[in-house]
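J.: Sharing a structure, written as structure tokens. Questions coming.
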Amino acid sequence: MDVAAAALPAFVALWLLYPWPLLGSALGQFSAGGCTFDDGPGACDYHQDLYDDFEWVHVSAQEPHYLPPEMPQGSYMVVDSSNHDPGEKARLQLPTMKENDTHCIDFSYLLYSQKGLNPGTLNILVRVNKGPLANPIWNVTGFTGRDWLRAELAVSTFWPNEYQVIFEAEVSGGRSGYIAIDDIQVLSYPCDKSPHFLRLGDVEVNAGQNATFQCIATGRDAVHNKLWLQRRNGEDIPVAQTKNINHRRFAASFRLQEVTKTDQDLYRCVTQSERGSGVSNFAQLIVREPPRPIAPPQLLGVGPTYLLIQLNANSIIGDGPIILKEVEYRMTSGSWTETHAVNAPTYKLWHLDPDTEYEIRVLLTRPGEGGTGLPGPPLITRTKCAEPMRTPKTLKIAEIQARRIAVDWESLGYNITRCHTFNVTICYHYFRGHNESRADCLDMDPKAPQHVVNHLPPYTNVSLKMILTNPEGRKESEETIIQTDEDVPGPVPVKSLQGTSFENKIFLNWKEPLEPNGIITQYEVSYSSIRSFDPAVPVAGPPQTVSNLWNSTHHVFMHLHPGTTYQFFIRASTVKGFGPATAINVTTNISAPSLPDYEGVDASLNETATTITVLLRPAQAKGAPISAYQIVVEQLHPHRTKREAGAMECYQVPVTYQNALSGGAPYYFAAELPPGNLPEPAPFTVGDNRTYKGFWNPPLAPRKGYNIYFQAMSSVEKETKTQCVRIATKAAATEEPEVIPDPAKQTDRVVKIAGISAGILVFILLLLVVIVIVKKSKLAKKRKDAMGNTRQEMTHMVNAMDRSYADQSTLHAEDPLSLTFMDQHNFSPRLPNDPLVPTAVLDENHSATAESSRLLDVPRYLCEGTESPYQTGQLHPAIRVADLLQHINLMKTSDSYGFKEEYESFFEGQSASWDVAKKDQNRAKNRYGNIIAYDHSRVILQPVEDDPSSDYINANYIDIWLYRDGYQRPSHYIATQGPVHETVYDFWRMVWQEQSACIVMVTNLVEVGRVKCYKYWPDDTEVYGDFKVTCVEMEPLAEYVVRTFTLERRGYNEIREVKQFHFTGWPDHGVPYHATGLLSFIRRVKLSNPPSAGPIVVHCSAGAGRTGCYIVIDIMLDMAEREGVVDIYNCVKALRSRRINMVQTEEQYIFIHDAILEACLCGETAIPVCEFKAAYFDMIRIDSQTNSSHLKDEFQTLNSVTPRLQAEDCSIACLPRNHDKNRFMDMLPPDRCLPFLITIDGESSNYINAALMDSYRQPAAFIVTQYPLPNTVKDFWRLVYDYGCTSIVMLNEVDLSQGCPQYWPEEGMLRYGPIQVECMSCSMDCDVINRIFRICNLTRPQEGYLMVQQFQYLGWASHREVPGSKRSFLKLILQVEKWQEECEEGEGRTIIHCLNGGGRSGMFCAIGIVVEMVKRQNVVDVFHAVKTLRNSKPNMVEAPEQYRFCYDVALEYLESS
């Protein structure tokens, strides 16, 4: 046996090399498919399986073999188990067969081992239609003995299906013995020992139901036969039940429980016994999916008790046909469900409850058990409200007060309101005095226990009724009349108070209060003196009170002091008490002074021929101090009645001697003496030829008689009282000649005094001129030394803005040397024969004095007449920079009335001829027919051959001569329209002809859906006529784009560079909210325009409004810097003489002023990178005198120019429904910067406390927000998704005590409202934790995922204003920048949040802007970066330490680069 086993491999090798094809002649002796193996398996078309583990071996009777002698003799196929590992298999494949009738396959087999061990297993497999191998249909294992055994295969697979029988030998663990087969026969009749199955039919069933296969077999069902249902993939299902049909036929049932689509496959029946096996054909299990609608029902109509729907059952998921349609509906708040069968496309649901939400679904049914599919998507809708059932019951009065009434009513349930949304309104009306009525309706809270009507008038009949209203109707209660209680009365009307003054009494009357609020019972008047013209009157006494009856509305107050102001308080009273008092001040009249009694007293002390000396005694003031004493001389006439001494009618009109002489007056004033000159009796000489207070006291005429009067006068405000007395009489002399005083001598004396004074004044003026010249030379030297210190001057400017400059006089409109703006600002026409040429020409002195001066250092020579080239017209003088803030504030009062008046004074419309522009051949070249080029200033193009009209383009020269460094620049600007399609070639001709290097574009191509400018430049290269324009570089920034072109012309060996500066930050309507971006834009253009270049081409759409704004601002910035003044009004006026309607709106005119003011206040704050380190150290140096630094002053300037938000700016954040979404109500985002949420989340609003911010290069690149509150976490993730944010920067800590929860999943996946957030990874790098999230919107899954990285910064302690490390914070910024460049092609936004969305977040944004600024422009401008952020949100970079930290990080970045 061992020898034979050892020799078997050699035998196998010889067998494999045997020439089997030569034995093909023996095939004819076998039936198809059978084989006796006399000539080997190949002769029977049997094949070894190429993919098994080893081969069957052929044993031939004609060839020697080495099998043990006890093995059968003859030819057969054998497997030696001892040569193979357990589990290895050998397969022998019979040829494929197609039989059309019942047949049988029988064969011989043995399993033998010398020691009686298990040699392995013989399996029979049947493959159908070249499908997969299933489990064996028959097998035998273990030792069977030395003799051959027979077995049968009853295969019930019929044509056209084909099958293949496979014999498989499997080695067992014993590895000993042989497995052999022989004499395989295919018989044309049924098997004798194994039953044959009838054809197995397909089974169709609905998903979720049980499927049953019934296999019917012909033959005897032996007790030991094994039956099962075999699936094509090898799964075996046991038999459920067998049943004998008759003595030769039985049935077997197989059941599959609750089948699904995954159970749909091919199945066959198998029976097995020791004698053989039977196998049926494969039948298909077909699983049908019950139908379900794709779409929900569609609502066609709705009423209070019905819903009309369309089923929408044509598009389904699942299988048809549909044999039944049903509608299933229920209240969304209830649990019961009703189902109605429907046989029409539409269905009306009746008997529903009003204002109730229903969920409606459609059910579809196909044939078969379980054919009803799942309900389709729901239609959730609500019925309309129904009219209220009845009128509310009568109101019950719960409380009556003077100004409020409390009412209540029955509880209003749904059975009354018939609607969940209803209003309870109390309407009331009442009549006031003068037949005035008042009516109003108040919405009440139906759930409140009591309802109060406030703000009612006291002591008034009020009619009330309640109205119950819902969207479908209203019911009103009966009207109830109630009288409110009395209250204290209102004040006595101020206008009704009238006081009539006398010297010692006041008559006061008044009217009843407009709001008596009941029955007036009395009036009370309190009064006291508060001041007096007479110092002797006491004014600090206690107030006195007078009470009047209710019907007495006047009173006379006696025994008062003259010239004294009394304050009266009048108040009325009802039974409820006194109301508020009304005050009035009344002043008693003053009394005339009291003069001493001269009756019987001779006041004459001495008398000469031309004089008389009298004794003057002081008067006694009564109610007002003495203002003056007057001496009146009256000439005696013999026929005039003599005045009596003592009290008399005084002389009120002062008349000088000269006027009396020429006018024939009978008296004249000889002197007026101040009261201080007469503290006690003193002599006075009448006729002493002296002048007193302008009154000449001439010598008296000896031959005339005179009465001498002494007057005392008291005068306060507009009241004057005079008392006079005759104190002496001088009789006429009888002998001396008459001497008449000569007024001419008095005049000569005055002239002499004036001449001496003038000489002294001239000397002083000459001295002042010398001082001014010396001062001026010193000032010029100081200005030259201070050229590099712009920041210090800016700070001084802010600190000194509101001071009055006593040493610098303003420009006066009366100056006879004032000239027009065209004259004084050197606007020069282009053509010498221009009718608008000014005649004034500046001389060398103008040029010499026009040296560059600092922007904020206003030069003294502005006060020196014609020396300044910036004096202006008489009506609108230039404004000093130092006075600009005050001027603008004044002009903005009363709704900017000053600006409105100035702007409306400009000439509107055409002011010069434009015949060329109006020609028919030029009409298509004008964008607007009313804004075209004037003839006298138009740009004349060099004509194209054979086209005389080709010299026209809608453009005008704007001429200005700037004396800067001795260079004159006529035609500094060209103002033109935005090109239309027909003028693109002309536009480039103009740029080439005028040698322009800069194009300024102040419009977008399309605004509000209208084309504003044709795209006249290429993205790459384009040819326009004979011009080739190539775009070589484009630099997009947040508010403007800089494009660099090369310009070539056919026939010219020259390539020019032209830069286009396209300002994109001008809004579609109005003007920019702030001028910061435009000012930066203008500075960039100035720096880029070469000194030798031609005019700057400026255009918007029409070339008037925005173009004019740009040019005026540019001119005025130069003017302010050179001369310290601005003249906006006359500049606009001059520009309008060159092109129609430059600066088109009042809003633009105001914006120009605001822009100039911002430029003057802020100054130039950019520092070149190469100078930054030295400049920064200079900025932080503390000045020993001021104890401050330039950096601190700059931050104070920043605070002063930061706009303050008003309540109306944040109207959306202030809405009541948004209050709980704000962490701090004093840190709200303005409406104009809000990112409104797009994704809907139930009833949540679209508001979030966040603001869009510009970065250096990209508008709205940053979103700054507060740390999410517990109730805004969902909103935060909506914000991230809706605005494509790829970075989240977290600058504060998680702190539940401050309402700062963890808003992200640490691992795995969480859902926040409609947004699903999945944490993909988490890592830590120094002070930064990096988390990557994958988020998607579950309401819009088709949009895919958004990858977001969160940067949680750990290096900033909560109690510190700045981070602990500059380097780590800079690293954070650079990490975020790198991630942003990698994600979404750099287009993703960055969300930055701290506790309040202010200081910390602003600092991150500001440093990010500065880093980009350094990369792009090689400058550092922290002031501009923070100012730009604060224009949107004022709390960006809150503390001075944070502002300095921005500078520190900028320095760190420069030193590390």
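Note that Cβ sites are derived from N, Cα and C of the backbone, with glycine treated the same way.
The structure displayed is predicted, hence computed values, not measured ones.
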J.: Determine, on the basis of Swiss-Prot, the cysteine among C191, C269 paired with C215 in a disulphide.
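T.: Candidates were C191, C269; Swiss-Prot matches C215 with C269.
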J.: Among Q995, Q1144, which residue does Swiss-Prot name as a further substrate binder in the site formed by D1068, C1100, S1101, A1102, G1103, A1104, G1105, R1106?
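T.: Looking at Q995, Q1144, the one Swiss-Prot places in the substrate site next to D1068, C1100, S1101, A1102, G1103, A1104, G1105, R1106 is Q1144.
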J.: Would you mind telling me which one of N139, N1337 Swiss-Prot calls N-linked glycosylation site?
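T.: Of N139, N1337, Swiss-Prot lists N139 as: N-linked glycosylation site.
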J.: Of the residues S828, S868, which is given the phosphoserine tag by Swiss-Prot?
T.: S868
J.: Tell me which residue from N589, N826 Swiss-Prot records as N-linked glycosylation site.
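T.: In Swiss-Prot, N589 carries the N-linked glycosylation site label; others show none in the record.
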J.: If you check Swiss-Prot, which of N100, N1187 turns up marked as N-linked glycosylation site?
T.: N100
J.: Where does the N-linked glycosylation site label fall among N435, N845, going by Swiss-Prot?
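T.: So the answer, going by Swiss-Prot, is N435.
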J.: Quick one: pull the CA-CA distance for C1100 (active site, phosphocysteine intermediate) versus C1394 (active site, phosphocysteine intermediate), whole Å only.
T.: 41
J.: Per DSSP, how many helix, strand and coil residues does the domain 'Fibronectin type-III 3' (490-594) have?
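T.: Taking each residue of the domain 'Fibronectin type-III 3' (490-594) in turn, the totals are 3 helix, 49 strand, 53 coil.
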J.: Can you tell me how many other Cβ atoms are located within 10 Å of the Cβ belonging to C1100 (active site, phosphocysteine intermediate)?
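T.: That number is 26.
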J.: Are there any residues in the same chain, six or more apart in sequence, whose C-beta is under 8 angstroms from the C-beta of C1394 (active site, phosphocysteine intermediate), and if so which?
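T.: Once residues fewer than 6 apart are set aside, C1394 (active site, phosphocysteine intermediate) is near Q1266, Y1267, L1291, N1292, R1400, S1401.
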J.: With DSSP assignments reduced to helix, strand and coil, which class does C1394 (active site, phosphocysteine intermediate) get?
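T.: Looking at the DSSP assignment, C1394 (active site, phosphocysteine intermediate) belongs to a strand.
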